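Colleague: Next up is a structure, given as structure tokens.
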Amino acid sequence: MFSNTTDLCQPGVPGSWGNLSDAGCTPHAARENHEVLLVMFIAQALLGIGGVPIQPFGISYIDDFASERNSPLYLGILFSVTVIGPGVGFMLGSTMLRFYVDIDKVTGVQLTNKDPRWVGAWWLGFLVAASLVALSAVPYFFFPREMPKEVREVLQVASGKESSSKKSKDVLSQFPLFLSDFPLVLLRNLRHPVFLLVVLAQVNLSAMVAGLATFMGKFLERQFSLTASLANMIIGAVNIPGAMVGIVVGGAILKRFQMSLKQCSAMCVLGMFLCLLMAFPLLFLGCPTQEVAGVTYSESSEFGHHALECNLQCNCPEKAYNPICGSNTIEYISPCSAGCRVVNIDNYTNCSCISKNGLVGSAKPGTCGTSCFHFFLPFVVLSCLAGILASTSHTPSFMLILRSIQPEDKSFAVGIQFMLLRVLAWMPGPVLYGSAIDTTCILWEKKCNRKAACRYYDNNLFRQRYLGLQFFFEVGAFLCFVTVYVVLRRQEREASNAAETKAEPEKEKLAGNSIKGPKSKV
């Protein structure tokens, strides 16, 4: 049970720490944790399998049966609607995190959602989302195998209706042939320079998005002293709708101007360049680490986590964590570490480690927070603009893939693309970000003699390494798109030179005939 009274300085009463329990360190508890983790892994695998009909197969399905003029707009709408999901998820999570994780035990918890020890009901969102997914999956059973193309610009569409039934019957018989041709098709697509470079650019962008989706909430909490609920609401209400707007705008621009492949790559380059301009100032918009007694602040020359002389008689354990803000604007990791012996409804008094104007000071529950909240609004605006500009390259990059590969390889190539995105970005991305963030921790909570949650970060290092990684991936995507533009420009020149070379003999022949004609007359 969490309680404020058990965290007080109580000389001569060791071991009365209700907040600290090692009951979860038994082998039975560890085995149960591994079983729960296995269930979550299986659930994530099933979620990935269920998403295949939409991405990648849904992308190829739309591009096959939509006209070339409308296909970019339709794909942009699909991608933007897909982005709505995480936005709704963050908003739903923001609401659910206001409830305690164990709803049936909330009466025994003396915490609010502003307390750093608060753990919200993260699992409630899964129940709501799973129910909605089950309902939305029903209409997919009624989609036809093939749809009439919007513009009948290819005669194969009409003749394909007659042969579609024969092709569907021969699918099973052609499956062994597909397996034998699989390596050749794979190598053919991976050796395609435009396809490979665009996929690498999308890998960089996906790694950037993976870090944003996983750790942006924690970043906002630590940098600007927000609650987990408010941080998730900001991401769901500002950043993700901004990305959705960028995707739709990118698709609409493609539809309006009917861009060529080189123009699509130029649009991607421009969008990423402007994104870099918006993202660079974010590295400098943040707050320093708050002053925490015994951790980042000491009246002596010693720094680091160490015991204070004023609370030695309190016998405070290292596991204690119930932060309070002293009247001297110094934060303490627990009332005991501040030497507080009396607690009122919303105030701690008689704190031997807190002094103000020569008198024994007091403290209030909760952290002191950071003192640079005025940076929060510029940070949100710039990050939203950077997301919009980066998202404008989303639909053009997909059109580069769909238009540069052979039509019969379309579904296969998009499948390879999504596989590489998962393997190279979405799987290692959060691990890379998490490892970088862990290096900025200055005080770890320990459970079962192992590092558990980080209590305090070096905010400057946190900001530089987290946003620095995002900026690094954005630069990588920009360079890949620049290379795509160079490749397409070279291919265009080679094609024009080849056409001119082919046309020169015909011109010479015509010129010869025109000269020979008059002479023959003479």
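Glycine is no exception: its Cβ is also placed from the backbone N, Cα and C atoms.
Pulled these features from TrEMBL for this protein:
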type: DOMAIN; residues: 1-494; note: domain 'Major facilitator superfamily (MFS) profile'
type: TRANSMEM; residues: 36-61; note: transmembrane segment
type: TRANSMEM; residues: 73-101; note: transmembrane segment
type: TRANSMEM; residues: 121-143; note: transmembrane segment
type: TRANSMEM; residues: 194-213; note: transmembrane segment
type: TRANSMEM; residues: 233-254; note: transmembrane segment
type: TRANSMEM; residues: 266-286; note: transmembrane segment
type: DOMAIN; residues: 304-355; note: domain 'Kazal-like'
type: TRANSMEM; residues: 373-391; note: transmembrane segment
type: TRANSMEM; residues: 412-429; note: transmembrane segment
type: TRANSMEM; residues: 466-488; note: transmembrane segment
type: COMPBIAS; residues: 495-510; note: compositional bias 'Basic and acidic residues'
type: REGION; residues: 495-522; note: region 'Disordered'
Colleague: Do we see three or more Cβ pairs under 8 Å linking the transmembrane segment (412-429) and the transmembrane segment (194-213), pairs being at least 6 apart in sequence?
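Modeller: They do touch: at least three Cβ pairs between the two stretches lie under 8 Å.
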Colleague: Test of understanding: applying the rule of at least three C-beta pairs under 8 Å (pairs 6 or more apart in sequence), is the transmembrane segment (73-101) touching the transmembrane segment (233-254)?
Modeller: yes
Colleague: Along the domain 'Major facilitator superfamily (MFS) profile' (1-494), what average pLDDT does this model show?
Modeller: 78
Colleague: Report the DSSP secondary-structure composition of the domain 'Kazal-like' (304-355) as helix, strand and coil residue counts.
Modeller: 6 helix, 17 strand, 29 coil
Colleague: Should anything in the same chain at least six residues away from the transmembrane segment (121-143) have a Cβ under 8 Å from its Cβ atoms, list it; otherwise answer none.
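Modeller: Residues packing against the transmembrane segment (121-143) from afar: 50, 53, 89, 92-93, 96-97, 99-101, 103.
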